[in-house]
Every structure is written in C-alpha cells, then in structure tokens.
Amino acid sequence: MKIPEEEVALLEDYVSDSVDHRGFPAGKSSTGGWRSAWFIIGVEVAERFAYFGIACNLITYLTGPLGQSTAKAAVNVNTWSGTASILPILGAFVADAYLGRYRTIVVASLIYILGLGLLTLSASLIIMGLSKQRNDASAKPSIWVNTLFFCSLYLVAIGQGGHKPCVQAFGADQFDAEDPKEVIARGSFFNWWFLSLSAGISISIIVVAYVQENVNWAFGFGIPCLFMVMALAIFLLGRKIYRYPKGHHEEVNSSNTFARIGRVFVIAFKNRKLRLEHSSLELDQGLLEDGQSEKRKDRLNFLAKAMISREGVEPCSGRDVDDAKALVRLIPIWITYVVSTIPYAQYITFFTKQGVTVDRRILPGVEIPAASLLSFVGVSILISVPLYERVFLPIARKITKKPFGITMLQRIGAGMVLSVFNMMLAALVESKRLKIAREHGLVDKPDVTVPMSIWWFVPQYLLLGMIDLFSMVGTQEFFYDQVPTELRSIGLSLSLSAMGLSSFLSGFLISLIDWATGKDGWFNSNLNRAHVDYFYWLLAAFTAIAFFAFLFISKMYVYRRLDQV
C-alpha cells in the first residue's frame with residue numbers, strides 16, 4: 001500500500017531517536033540544527049572563558065601568592081589539569097547511564113559555580129592574610145586557607161568534568177545523523193564550535209590574566225564565576241528548541257548499553273573454546289564492503305563468539321558485538337593520542353614561565369602578562385578555521401572525491417606531525433633565550449629581564465592553534481562518530497581524558513627528571529640555569545614515535561560507516 005505524500009512529508013519532518021522538551025518526536029522545522037546549536041556554542045564560550053580564566057595563570061598564582069617552587073607548581077598544575085581532563089569520563093558515564101546530557105549539564109554547572117565562588121573566597125582570604133604579613137618576605141598562606149583553595153580548585157575540575165563532554169555531545173545531537181545535509185553540517189559544527197570557544201579563551205586570557213596581575217587575584221577569579229552563571233542562564237534559555245536523545249525522556253535506562261556491551265566480552269570468553277561458524281562472521285561483516293570484510297577477518301573475531309548459541313545462555317546480537325568491537329578498535333588510537341598530547345601540558349606551565357623572563361613589551365610602554373601569550377592560540381584558530389572550512393576542505397574534496405575531504409584519522413595524523421615540529425621550535429627558541437642570558441651575564445640574575453622580545457615565542461603559540469584544529473577537533477569528531485550512539489558522551493570524554501592522562505604523564509616526567517638531574521638540573525627554579533629545551537627535545541621524540549605508531553594502527557582501522565572510509 002502506497003503511503004500518501006502528506007504522511008511521507010510528515011515522517012520526514014521528524015528526527016528518529018530524538019524528542020523535544022515535552023517528550024514528543026522532535027520536528028526538524030521547530031527543533032535542533034543551527035538554531036539550537038548556537039545556544040550550546042554560547043554556553044561553551046562562557047564555560048571556556050571561566051576555565052581558562054583559572055588555568056592560564058595558575059602557575060603564576062602558585063609560584064606567587066602561594067610561594068611554591070617552579071617544579072612543584074608545574075606538577076600541581078599538571079595534576080589539576082589532568083584530573084580536570086579525566087573526570088569527563090565519569091561525567092559522561094553519569095550522563096549516558098543515568099541523568100541524560102541535559103540534566104548532567106545543569107547539575108555540573110551548579111557545582112562549577114560553587115567551586116569558582118569558593119575559589120574567589122580563598123583568594124580573598126589569601127590576599128588579606130599576606131597583606132597583614134607584608135613585612136615578612138617568607139610569609140605563606142595558612143594551611144586551612146591553602147586547603148580551601150585546592151578543594152575549590154578541584155571542585156571546579158569536577159564541575160567541568162560533567163559539563164565538558166555533555167555540552168559538546170548535546171550540541172552534536174542537534175543534527176540528524178540520518179540526514180546527509182545535517183551530517184555535513186555536524187562536521188562544520190565541530191569546526192565552528194572550536195573557533196567560538198577559542199574566541200572565549202582568547203578574551204579570557206587577555207582580560208582575566210591582566211586583572212589578576214594588575215588588580216587582584218580575587219577579582220580575577222570572580223570574573224570567571226560571573227561568566228559561568230551567565231553560561232547556565234544561556235543554556236536554560238534554549239530548553240524549548242533542543243533535541244533530546246530519546247532514551248533520556250523515556251523509561252529506557254541507558255545503563256543497559258554498558259551492560260549489553262560488557263556482556264559481549266563475558267559471553268565471548270565463556271565461548272572461547274567453541275568453534276566460530278562462518279555464518280556468524282558473515283552476519284558480523286554484513287554491513288561492510290568486501291575489501292573491508294577481508295580487512296576485518298583476522299582481527300577481533302574472538303568477540304564474534306558471543307553470538308554462538310549455547311544451552312542456557314542467550315547469545316549476543318550482531319549489533320552488540322559490532323559495538324564492542326568498535327570500542328576495542330579505539331584503544332590503540334587513544335593510546336597513541338595520549339602520548340602525542342604530552343606537549344599540550346607545557347603551554348600553561350613552562351611556556352608561561354619562560355615568557356615571564358623576557359621583554360614583554362608589544363608596543364612602547366605597553367607590557368602584557370606572560371599568560372596573555374595564550375591568546376595567540378585563539379588568534380591562530382580564528383584564522384585557521386575559516387581557511388580550513390572555505391579553502392582547504394573544498395580543495396581536499398575535489399582531490400579525494402569524498403564529502404568530508406580528508407578522513408578523521410588523516411586529520412589527527414596531520415596534527416601529530418605539527419606537534420613534533422612545534423616542540424622542536426620551542427626547544428630552539430629556549431636555546432636562544434639561554435644563549436642571550438649567558439651573553440648578558442644574567443645566568444644568576446633571574447629577576448632581571450632577558451633582552452629578548454616576547455615575539456620570539458609567538459610562532460609556537462600560533463602553531464598550537466593549528467595543531468588544535470587538526471588533532472584535537474579531529475579526535476573529538478572521531479570518537480563521537482565511532483562509538484555506539486548511546487555512548488557519545490563517553491566517546492567525547494575519551495578524547496578529553498587523553499589530554500588529562502598526558503598531563504599526568506607530563507607531571508610524572510617532570511618529577512622523574514627533576515629527581516634524576518637534581519636541583520641544578522633541567523627544571524631549576526632559576527630558568528636561566530635550567531634546561532627546559534632538553535625536555536622539549538625529549539617530547540618531540542616521544543611525539544614522533546607516537547605518530548609512527550598511529551600511522552601503522554590507522555592503516556588497519558575499520559570505520560563503522562562506509563562514508564568515512
């Protein structure tokens with residue numbers, strides 16, 4: 001029986017697996033798309049403004065009012081940054097299994113605001129305490145004020161851990177994965193998302209860092225708190241036009257996703273001694289082209305044993321096995337990405353400390369805080385994203401004959417190569433800074449400005465923006481796209497957790513090298529006697545090794561969808 005044209009049009013106007021704020025099927029004309037995505041992008045701009053208002057100058061605060069050594073402060077910053085980047089896994093689990101993305105964002109925002117408020121309070125108490133002891137050069141904040149500061153700092157990490165993976169996944173949810181036009185729009189969403197949040201980061205770095213160093217730290221921490229309140233208000237304004245994943249508006253418990261995928265591994269292990277029938281393999285490979293099936297035959301067939309029917313045990317479905325395989329395939333990619341992102345930890349630690357030692361005048365009489373150098377990352381992204389969208393992708397599409405221009409893995413690999421060159425550049429610039437310090441007899445005068453312009457450091461920050469555009473955005477889109485639909489918050493949290501783990505690895509390397517080389521080694525508190533350039537060469541080598549491993553793994557990777565191959 002032929003379906004009337006009116007009914008076809010009506011069916012096409014709704015998005016499968018999505019509902020509106022009332023729980024009814026989400027209409028394309030009234031919900032989602034760019035109209036709701038811009039609300040969510042606005043939220044992320046405000047959130048990144050708040051986060052980087054704390055992160056960009058944290059090492060200066062730790063070595064200043066808190067009186068920590070450079071090495072200890074770098075480890076503390078890396079530990080906090082790493083924790084903040086790994087917590088999104090927990091936030092994504094809570095969202096995908098229990099609360100849903102919308103509710104998780106609201107709860108996480110409230111925790112975020114509480115943490116920023118307490119951080120402002122602790123900074124006020126520290127300022128008041130130090131002002132009473134201004135004649136004592138060795139004065140440090142009391143233990144309980146220190147404790148309040150670090151507790152509030154980690155409360156911020158918890159808040160952003162719930163906020164970060166859910167906001168981006170919720171934004172991508174606004175585009176219909178079954179509509180070819182909206183799929184391409186979703187790819188653009190990730191690019192413009194990154195450009196917008198980079199604008200927020202750049203403004204934060206310029207404004208907040210200046211306030212912190214030239215007004216006071218309490219006011220400098222209070223501004224991010226105000227912006228986070230604004231972020232929550234903006235998010236709630238768009239409630240009626242959002243598309244919500246269907247599972248979180250019905251009685252369906254998304255934790256079943258974790259259970260069914262976990263069950264694949266359990267049943268496959270129990271069936272490990274059974275022989276796999278050829279029909280099971282065909283079922284598992286049915287959605288792939290012949291070339292891709294051949295590619296898959298020798299790998300992960302162990303998990304297909306979960307589909308074998310056995311007395312007393314219900315077999316897993318082909319979909320469950322495919323979802324489990326998709327997660328397993330991501331692990332090697334994730335590991336190489338973790339190693340390649342260790343250099344990221346340096347731009348809020350050693351890059352900033354190096355900037356403090358040089359001539360920071362950008363114009364006669366105009367001196368900028370060292371942390372403001374981070375704004376050049378945003379400038380690079382603001383220039384690179386439109387060029388990538390309007391110039392690079394059209395050319396790539398003509399060459400490759402593919403709608404996406406280049407694959408997501410090719411995009412990530414390009415970012416890794418740029419990261420190697422960036423660490424080499426950073427090492428050369430630091431070598432020059434040390435040479436100038438020696439030539440002017442400033443090796444033992446750390447408080448005297450090294451006569452080297454801060455503009456020497458700008459290229460490595462501009463290159464960081466390009467690395468973010470290729471590697472970070474590519475990784476976020478890749479993990480979002482390649483995980484099961486119900487676990488997309490988890491997918492995005494995997495890319496974020498890689499950044500977190502790399503921060504921990506960076507902190508571990510710093511502690512290990514500092515212990516091995518002694519107080520006059522690579523990380524001397526007097527940077528004119530240190531050798532941070534050696535550390536940068538080491539990171540360049542690690543990143544190069546990670547890239548070649550990534551290259552080998554990516555050649556064998558099987559995409560979940562044929563249009564990504």
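Keep in mind that glycine also has a Cβ here, set from the backbone N, Cα and C atoms.
What Swiss-Prot says about this protein:
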- THR104: phosphothreonine (MOD_RES)
- 49-67: transmembrane segment (TRANSMEM)
- 80-100: transmembrane segment (TRANSMEM)
- 110-130: transmembrane segment (TRANSMEM)
- 142-162: transmembrane segment (TRANSMEM)
- 189-209: transmembrane segment (TRANSMEM)
- 217-237: transmembrane segment (TRANSMEM)
- 331-351: transmembrane segment (TRANSMEM)
- 368-388: transmembrane segment (TRANSMEM)
- 409-429: transmembrane segment (TRANSMEM)
- 454-474: transmembrane segment (TRANSMEM)
- 490-510: transmembrane segment (TRANSMEM)
- 534-554: transmembrane segment (TRANSMEM)
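On its own chain, THR104 (phosphothreonine) has GLY91, VAL94, ALA95, GLY162, CYS166, SER489 as residues at least 6 apart in sequence with a Cβ closer than 8 Å to its own Cβ. 534-554 is the stretch from 189-209, 409-429, 490-510, 534-554 with the greatest number of Cβ pairs below 8 Å to the transmembrane segment (331-351).
Stretch with the most C-beta contacts under 8 angstroms to the transmembrane segment (368-388), considering only 49-67, 80-100, 142-162, 217-237: 49-67.
Taking every recorded stretch in 49-67, 80-100, 110-130, 217-237 and counting its Cβ pairs under 8 Å to the transmembrane segment (189-209), the highest total belongs to 49-67.
Looking at which of 49-67, 80-100, 454-474, 490-510, 534-554 has the most CB pairs under 8 Å to the transmembrane segment (217-237), the answer is the stretch 49-67. Only pairs six or more apart in sequence are counted, and the transmembrane segment (142-162) with the transmembrane segment (49-67) gives three or more Cβ pairs under 8 Å, enough to call it a contact. Taking Cβ pairs closer than 8 Å, the transmembrane segment (534-554) reaches residues 332-333, 336-337, 339-340, 342-343, 346, 350, 409, 412-413, 416-417, 419-420, 423-424, 426-427, 430, 509-510, 513, 522-523 in its own chain, all 6 or more past its ends. Of the candidate ranges 49-67, 110-130, 490-510, 490-510 contributes the most Cβ pairs within a distance under 8 Å of the transmembrane segment (80-100). Between the transmembrane segment (110-130) and the transmembrane segment (49-67), the number of CB pairs under 8 angstroms, six or more residues apart, is three or more, so the stretches are in contact. THR104 (phosphothreonine) falls within a helix when secondary structure is assigned with DSSP.
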